[in-house]
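Feature annotations, reproduced from TrEMBL:
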ACT_SITE  C352  active site, proton donor
DOMAIN    27-283  domain 'Orn/DAP/Arg decarboxylase 2 N-terminal'
MOD_RES   K51  N6-(pyridoxal phosphate)lysine
Amino acid sequence: MSRALTNALSEGAVQAEDSSVLFYDLSLIAERTKELAEQFPKDTLHAVAVKANPLRKVLAWLHALGEQDNAPQLGLESASEPEMHLALGAGFDPSHVVFDSPAKTLHELRFAITQGVHLNMDNMQEVERVDTILKDLGHEAKSTFGIRVNPQVGQGSIGATSVAAEYSKFGVPLKTFRKKLLEIYRSHPWMTGIHVHVGSQGCPLDQLVLGVRSILDFVEEVNAATDGQIRIFDLGGGLPADYGQKEFQAPSFTEYVAALRTGCPELFSGKFRLMTEFGRAVHANAGFAASRVEYIKPQGDIRTAVIHLGADMFLRKCYNPGDWHHEFSVCDKNGALKDGPTRLYRIAGPLCFAGDLPGRDIALPEIEPGDWILIHDTGAYTLSMWSRYNSRAIPSVLGYKDEQASTGFVSLKRREQPQDVLSFWE
C-alpha cells in the first residue's frame with residue numbers, strides 16, 4: 001500500500017488538492033475471481049455484487065475479465081433498478097445479470113423480465129406479480145426465475161448483516177411455508193431456480209453450509225414432486241473477508257467449496273447450474289484509503305489525528321465499531337511507511353458529530369500534520385455506502401494493476417468538485 005501511495009505521489013496521480021485518495025488493486029480483483037472460479041464447476045455463474053463496489057470502471061474491468069480466453073463466467077448481482085442499469089451498461093449479457101430486491105415494483109419487474117435477467121423473487125406475492133407479467137407477455141421471456149428462501153439457520157455474530165434467523169426481512173421462511181412453497185413450484189413450472197443467502201461477514205463457514213444444506217434438502221423434495229423442476233441453485237454470497245484481526249482468519253474460497261462438497265455433494269452432481277453472489281470476498285482486500293492528517297490534538301495520554309475521511313465513508317465502522325474492523329498505517333508526506341515507537345491515537349473524521357471516529361485508541365508511530373493515514377481493506381461496502389452528511393465531496397479514486405512494478409494509475413472516478421455536490425442537492 002505504501003508503495004502504491006509513494007508511486008502515485010511521485011507520478012502526480014495524487015494532486016495537492018487531494019486530501020484523501022482511494023486506491024483499488026485491479027490485479028487482486030482479477031486474482032480473486034480466478035480463485036473463485038477455479039473451485040466451482042465451469043458453468044457456474046459468478047455474479048459479483050454491485051452494491052459492494054459500484055464503480056463503473058471496476059464493473060467494466062470485471063466484464064473484461066469474463067471475456068478473456070478460458071475466463072470464468074462472470075456476471076453482476078444487482079439489488080435495484082439502477083444497479084441493473086450499471087450491470088447492463090458495463091457490457092454484461094442480461095443472462096449474466098441477477099436481480100435481487102425485497103421491494104421490486106411492477107415497473108422494475110417488467111423491465112427485468114423484458115431484458116432477460118435472472119430474477120430472484122423475494123416473496124409469494126411477488127411470484128403472482130411475475131406470473132401476471134408473464135401471462136401479459138404470452139410467457140415469451142428469456143429470463144429465468146428463482147425464489148429466495150430463508151433457511152432459518154440462525155443469526156451470525158453481526159445481527160445487522162445476518163439474514164437467516166427465524167425472522168428475516170428477506171425471503172420466504174422455510175419452516176413456516178415449506179408446504180406452501182412446494183405448492184407454488186408445482187403451480188408455476190416456469191420457476192426453475194432457488195436462492196439462499198445466510199448473511200455477510202459475521203457468519204461462520206459451518207453456518208453458511210448449513211443454510212445451503214437446508215435449502216438443498218427442500219430442492220430435492222421439490223424435484224421429486226415435479227420431475228426435476230429446479231435446475232438453478234443460487235448460493236448467494238456471504239463469505240467473510242479478512243480485515244487483519246489476529247483472532248479471526250477468513251476462510252478461503254477453496255475451504256468454502258471443500259465444505260460444500262462434504263456437506264452438500266449433490267450440488268456438484270451436474271443436476272444444477274450454480275450461481276454465486278460474492279461481493280466482500282472479491283473486493284474488500286483490493287482497496288485501501290489514504291487520507292492526509294490535517295491536525296494533531298493532544299489530550300492527556302491520547303492524541304487525536306484529524307483526517308478527511310470518517311463516517312461519510314466508514315458508516316458501519318463509526319456507528320457500530322464493535323462489529324467492524326480496519327487496520328491503520330502511517331506514511332510520511334512522501335508516502336514512506338513510518339515505524340518506530342508508538343503511542344495511542346484516535347483517528348477522527350471531519351464530520352460534525354462525536355462518533356465520527358474510524359479509529360479508536362490505536363497504537364501508531366508518531367503522526368504529524370501532512371502525514372498520510374492508510375486505512376486497510378476498504379474495497380467493499382465503503383464508498384458504495386457514502387453518506388452526504390456535511391455535504392463533503394467524494395475523493396479521487398485510482399486503480400492500478402501491479403503495485404510493485406508501478407505500471408501507472410488509471411482514474412476510476414475523479415474527485416468531486418463543489419458544483420457536483422451542489423447538483424446533488426438540486
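Using the three backbone atoms N, Cα and C, a Cβ is placed for every residue, glycine included.
Annotations in TrEMBL come from automatic prediction, not curation.
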Quiz item: Going by DSSP, is K51 (N6-(pyridoxal phosphate)lysine) part of a helix, a strand, or coil?
Solution: helix
Exercise. Could you please provide the mean pLDDT value for the domain 'Orn/DAP/Arg decarboxylase 2 N-terminal' (27-283)?
Key: 94
Quiz item: According to DSSP, does the residue listed as 'active site, proton donor' fall in a helix, a strand, or coil?
Solution: coil
